[in-house]
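Straight from TrEMBL, the features:
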- 1-11: compositional bias 'Pro residues' (COMPBIAS)
- 1-80: region 'Disordered' (REGION)
- 54-69: compositional bias 'Low complexity' (COMPBIAS)
- 201-251: domain 'NXPE C-terminal' (DOMAIN)
- 452-470: transmembrane segment (TRANSMEM)
- 533-553: transmembrane segment (TRANSMEM)
- 558-882: domain 'Cas1p 10 TM acyl transferase' (DOMAIN)
- 565-588: transmembrane segment (TRANSMEM)
- 600-616: transmembrane segment (TRANSMEM)
- 622-642: transmembrane segment (TRANSMEM)
- 654-676: transmembrane segment (TRANSMEM)
- 709-727: transmembrane segment (TRANSMEM)
- 748-765: transmembrane segment (TRANSMEM)
- 777-795: transmembrane segment (TRANSMEM)
- 807-827: transmembrane segment (TRANSMEM)
- 833-857: transmembrane segment (TRANSMEM)
- 878-898: transmembrane segment (TRANSMEM)
Amino acid sequence: MPLQTPAPPCGTPKGAEAPQPQPQPQQEGGEERRDAGSVSAQERLSPRDGQEGAGASADADAEKCAGTSEPRRRAGEASAEAESSVWQWLLLAALRPWRQPPNYSQAAEGLAQAPLLPPSPARAPAAAARCCHGGSKMAAVAYTRGRREINQYFSVSSAKGLALAAVLLLAAGHAALRHYPGHDSCEHLLSSGRFLGEKVWQPHSCMMHKYKVSEAKNCLIDKHIAFIGDSRIRQLFYSFVKIINPQFKEEGNKHENIPFEDRISSVKVDFLWYPEVNASMKQCVKLWTEESVGKPHIIVAGAATWSIKSHNGSEEALAQYKTNITSLAPLLEKLARTSDVYWVLQDPVYEDLLSENRRMITNEKINAYNEAAISVLNGSSKNAKSRVKVFRVSQLIAQETIMESVDGLHLPESSRETSAMILMNVCCNKVVRPIDGSCCQPLEAPTLTQKLAAGFFGLSIAGCLVLHLVHRHGHRRSRLCTDVEAGEEKKAAPTPPACPSEVVLQSCCKLGLIMAYFYLCDRADLFMKENKFYTHSSFFTPIIYLLVLGVFYNENTKEFLPVYMHIRVLVAAYLFQTGYGHFSYFWIKGDFGIHRVCQVLFRLNFLVVVLCIVMDRPYQFYYFVPLVTVWFLVIYVTLALWPQITQKKANGSCFWHLGALMKLTFLLVCVCFLTYSQGAFEKIFSLWPLSKCFELNGNVYEWWFRWKLDRYVVFHGMLFAFVYLALQKRQMLSEGKGEPLLPSRMSNMLLFVSVVSFLTYSIWASSCKTKAECNELHPAVSVVQILAFILIRNIPGYVRSVYSSFFAWFGKISLELFICQYHIWLAADTRGILVLIPGNPMVNITVSTFIFVCVAHEISRITNDLAQILIPKESAALWKRLACIAGFFSALLLLSSIQGEHRR
C-alpha cells in the first residue's frame, strides 16, 4: 500500500525542500535543485537537495498549508503571546534594527527573503499551550517565539546586505593599510611571522612556498650566490645548498671558503669566511663593486659574535663594529643597485648552554650589535629607502628554537632549513611564481579574456545603475499623492514584473560584483593569504558546532528521509547520488528531451565557466564539475539509446527489467575497459576540442586519475536506484512513520551488518598506510560505507522520520559551496587560507565563512534565474540559444589559443 502522509508544516519557504506526498512521481534527479517543491517517495533519494520540482506545485502546497492549519496556527500564536516573558521583549528590542517595514511582504520577494533559520512546525505553539507543566510550556513558547522572530527580522536578504557591507569595509581597510610603509609582502617575509605548530613557519600576511630541487635549479640557473660571514652564515649556506642538492655534505675546514657548483644548471654558491666586519670584508665587497664580471647576483652577509668573543664583549669593540659597518654600508648600497644584498641580523643565544670561552656572548650584547647594524644600514641612503634588505626573521625563528641548540650558539637544523627556505622564497618567487608562494610575488598582468570579462561586467553594472535610476524616477512620479480637492489619496499602479532582459541585466550586474570579490580575494594582493595548517582542535571544533546546529534545527516528516540531505562529505557519495537521481528521473519520467539536458548542463557548468574566464584557470582545474558533467552525459546516453526503457514500459512486462539490467551491464563493461586501458582513455580525451576541456598542465593524466578514483560509484548509484524503485513498485518496503523499512528480523540483521561495515570501513581508512594504497582500493570499497549509511539512516522508522532543515538549506547550494571555496574561503586555488581579519583566526574564519555562504547562495539564485531565461522550453528558441552558446565557446577557444601562443 502506498504511503499516505499529511500536509507538511506551515511556513516552509518557497524554494526550500519541503517533503510532501504527490499522487505521481516528480523525481527529476540531477543537479537541478533550486525550484524545489513537493517530492514523492521516489524523489527523496535524488542526488541534490531540492533538485527539481514544480513552482506551481510549491505555491499550491503553500495555499493548502495555509488553509488547513490556519486555525491551529492562530491558536498557537495566541497562546505564545499570552505566555511571552520579559526576556522575549528584550530579544525583540535587540533585533529591532533588522525588522522589516510594516508593509513588508515576504512572498513578494521570493527566495531572497527566505529565513536563514528554518521555520518550526505550526503545531509547536499549540502543543506548548496544552502542556500541563508551566515551566515546560514557558520554555517551548519562548523557543518558538524567539525562533519565529529571528526568522522574521533576519532574512537571507538582510544577511547578504550585511555581507556586502562587511566586504566593502574590509576592502577599504586593507586598501588603506597598503599605503602605510612596512606593508610590503617581501618585508613581511623578511621581518615577521610565527610558528604554526612546531616546525611550520607562517610569514605575516602571505604564503611561503616549499621549493623542490627542480624548482630551485630552474630559478637559480646561471646565478652566482655568495654567503659572507661567520659560522652562523656558514650554517645558512649549507641549508641553502641542500635545497639545490640534498646530498651535499657538511665537510671540510670550517674556517675556510667553501665552494659549490651545479654544472647542469650552472648554479654557483660560495661561502666566504669573514667572521668579523673589518677591512678584509670591506675589501672583498669593494672588489665586487669595481668588477662587472664575477660579481654575485645574490649576496648574504652578516657577522658579530666573533667580534664579541675576541674582544671579550668590550664597549670599544662595539664602537669599532659600528665604525666598520658604517664604512661598509655605502659599498653594500652601491652593490645593491645591480645585485640583491641581504644583511642577516644576529640570532639570540641560549646562555645556559654556552661554553666557557663563549660566556661573553650574551643576548644583551647581540641586541646592541643588531641595533648598531640596523641604524647604520637604514641610514646609509639619505634620500631614499635603503636597497640593502635586513634579514630579521631568523631572530624570531631562533627565539622559539634556540633551546634545542647543541651548543647554545648555533641553531638546530630545522630552524636553519626554515631560514634558507625563506631566503629561497625571497629570491625565487618572482621568477617561478608558485601559486602558494604569494610573498615577494608581483601581480600577474590580466589576460585579454579577463580584460574583456571586466569590460562586460562593467557595462552590466553601469546598465543596472541606469535602469535603477529610471525605475526610481518612475516610482517617484507614481508614488502616493493626495488629491487636495477630493481629500483622497491616490494609490500608484502596481509595479509590473521585470522583463527577461531586465532579469538578465540585473543578474549580470550582481555576478560582476561577485566576480570582482573573487578576483580581489585570489588574484589581487588586496587581502592577505596564509598557509594551511591542520590541528585537531581547529578542525573538529567548527564541525561539532555545525552538527549541534544541524540537530537543533530539525523537522519531523512522515516520509522516507532523503539520503542526499545528509551525505556531502565524500565525492563518491555525491556521485552515487548523481547516478541514483538521474537514473530515477529518466526511468520514471522518460523525459529524454534536449531541454532537460541543457538545463542540467547549464546549472552544473555556469559558475565554473565564468570562473575559468575571470580567474584564468582551465576547466579541468575545477575537476568535480567536469566529473559530474561527464557522468551525467554517460547516464543520459546509456538510457536514451535504443531501446529506451522506462518504468511505464517495464510495468507491462518483466522483459524490460532484464533489458535495463543489460544496459547497466554494458556500461560496467565499458568502465572496466577504460580502467585497464589508460592509453585508450587518454586518446579519447586528447582529441580536440575535448583536450581543451580535460587537459591540465598539458596532459590529461589528472583527469584520468580523478575519473579512475570513483569509476564504479555512479554505476552503483544507478543499480541501487533500479533495485529500490522495483521493490517500491511491488510494495515490499514499509515507509510509514515509526515502521522498520523491512520486516523486523531482516531489518535488525541489515542494521547490524551496516553498522559493522560502516565502522570497519572507517577503521580501514584510518589505518591505510599510503595514499597510493588507499586510492587503489577506494573504487571497490567506497560503496560499502555509502550503502551502510543509507541503511542505517533509513531502516529505523524514527530515524527516517526526521531530518535537519539546517543541513538541507546548505544542501541546496552545495555545488556553489564546493566551487566557491576554491577562491573566497580558501585561497591560492585551495592551497592557502584567505585572511580578511589578521591576528584572530577564529574571528577571521567566522567572517569569511559568513560572506562565503552568502555569495554561494546568491550565485545559486543567479544561476537559476538565468537558466529559466537562457534555456527556454520552446524548441525553436532553444536551438537559437544553443547556436549563440556555440559561437561564444568558439570565440573563447580562439582567445585561449591566442593567449597560449602569446605565453609561449
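Note that the numbers count up from 1, one per residue, in the order the chain is shown.
The backbone N, Cα and C atoms fix where each Cβ goes, glycine too.
Predicted automatically and left uncurated, TrEMBL annotations should be read as such.
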Folded-back contacts onto the transmembrane segment (600-616), same chain, C-beta under 8 angstroms, at least six residues removed: 30-32, 34, 446-447, 449-450, 453, 511, 515, 518-519, 522-523, 622, 625, 628-629, 632, 815-816, 819-820, 822-823, 859, 863-864, 866-867, 870-871, 892
Across the domain 'Cas1p 10 TM acyl transferase' (558-882), average pLDDT on the 0 to 100 scale: 89
Contact between the transmembrane segment (777-795) and the transmembrane segment (709-727) (3 or more Cβ pairs under 8 Å, separation 6+): yes
Helix, strand and coil counts within the domain 'NXPE C-terminal' (201-251) (DSSP): 21 helix, 9 strand, 21 coil
